[in-house]
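Comments concern the structure below.
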Amino acid sequence: METSMPEYYEVFGDFHGVLMDKLFTKYWEDVETFSARPDDLLVVTYPKSGSTWIGEIVDMIYKEGDVEKCKEDAIFNRIPYLECRNEDLINGIKQLKEKESPRIVKTHLPAKLLPASFWEKNCKIIYLCRNAKDVVVSYYYFFLIIKSYPNPKSFSEFVEKFMEGQVPYGSWYDHVKSWWEKSKNSRVLFMFYEDMKEDIRREVVKLIEFLERDPLAELVDKIIQHTSFQEMKNNPCTNYSMLPETMIDLKVSPFMRKGIVGDWRNHFPEALRERFEEHYQRHMKDCPVKFRAEL
């Protein structure tokens, strides 16, 4: 089986100092010249940090808590993934061009690769981040289900690649730090996955207020109910079961696996954890952003 898997650097390559999927960068001019609109809302995460969760919450806010409207289509059609390109199957730019305003735009890009038009049009941006140890666990399982991705081999080997920034979208450290710098702009809201798990009501209200809407109790209740982990895991519009099996193998692992804080404890042997934490401290010592790896 493994011999038929694509080689790692056949699929991914260095792009302006960031490891990227070559399918995405093949048509980079389309991304770079993308024309943002002033009322676009950009939702940014490093991969496996809760983009589907926060995206569904934001879409519920835009649709004023109308669950049926949110169930009219898969999330990847309602919130197009800007740089995603899989030849004829998925084209985020094309989807966005065809969307009426106001658009919600998803991206995993580090700040330096974001199309300039988002800054020029002064678009609102939500950046959601998650602690690195849980991200790497979730990313490992994601690698196992994406058909075009190479076999990640052992978890410890994947962690080494993650620490080196040799996974798609590059270094987690650089990504977080680049967006933290941008969050000094009042149009950028910097959020934490762990805060959402701790007190979802507080964080939903924060999102609603950032989007300059009224956080009515009834709306907040509907959003919390509809975007609970179990609801989203069972919802075909959010669990990625609408993607063709040629792209994703959900029999290996569900797209929405656990949705908890601290699952890293079930995967990191002690020696690997110590090595990871030493590496983490070295790279984050000058960054004021503090993460919680457990609640």
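Backbone N, Cα and C define each Cβ position, glycine as well.
In the three-state DSSP reading, His108 (active site, proton acceptor) counts as coil. The Cβ of His108 (active site, proton acceptor) lies under 8 Å from the Cβ of Val44, Thr45, Tyr46, Pro47, Ser51, Glu83, Pro168, Tyr169, each of which sits 6+ residues away along the same chain. What Swiss-Prot records for His108 is active site, proton acceptor.
Counting every protein chain shown, the Cβ of Arg257 (3'-phosphoadenylyl sulfate binding site) has 16 other Cβ atoms within 10 Å. When secondary structure is read from DSSP and collapsed to three states, Arg257 (3'-phosphoadenylyl sulfate binding site) falls in the coil class. Per Swiss-Prot, 3'-phosphoadenylyl sulfate binding site is recorded for 48-53, Arg130, Ser138, Tyr193, 227-232, 257-259, and the stated evidence type is similarity to another entry.
Residues annotated as substrate binding site in Swiss-Prot: Lys106, Thr107, His108.
Residues annotated as phosphoserine in Swiss-Prot, with a large-scale study or a structure entry given as evidence: Ser156. Less than 8 angstroms from the CB of Ser156 (phosphoserine) sit Pro269, Leu272, each of them six or more residues away in the same chain.
The CA atom of Lys48 (3'-phosphoadenylyl sulfate binding site) is located 12 Å away from the CA atom of Thr107 (substrate binding site). The CA atom of Thr227 (3'-phosphoadenylyl sulfate binding site) is located 17 Å away from the CA atom of Lys106 (substrate binding site). If you take the Cα of Arg257 (3'-phosphoadenylyl sulfate binding site) and the Cα of Lys106 (substrate binding site), they are about 21 angstrom apart, rounded to a whole number.
Arg130 (3'-phosphoadenylyl sulfate binding site) sits 15 Å from Thr107 (substrate binding site), taking the Cα positions as reference. Taking the Cα atom of each, Thr107 (substrate binding site) and Gln230 (3'-phosphoadenylyl sulfate binding site) are about 24 angstrom apart.
Between the CA atoms of Gln230 (3'-phosphoadenylyl sulfate binding site) and Lys106 (substrate binding site) there is a gap of 22 Å.
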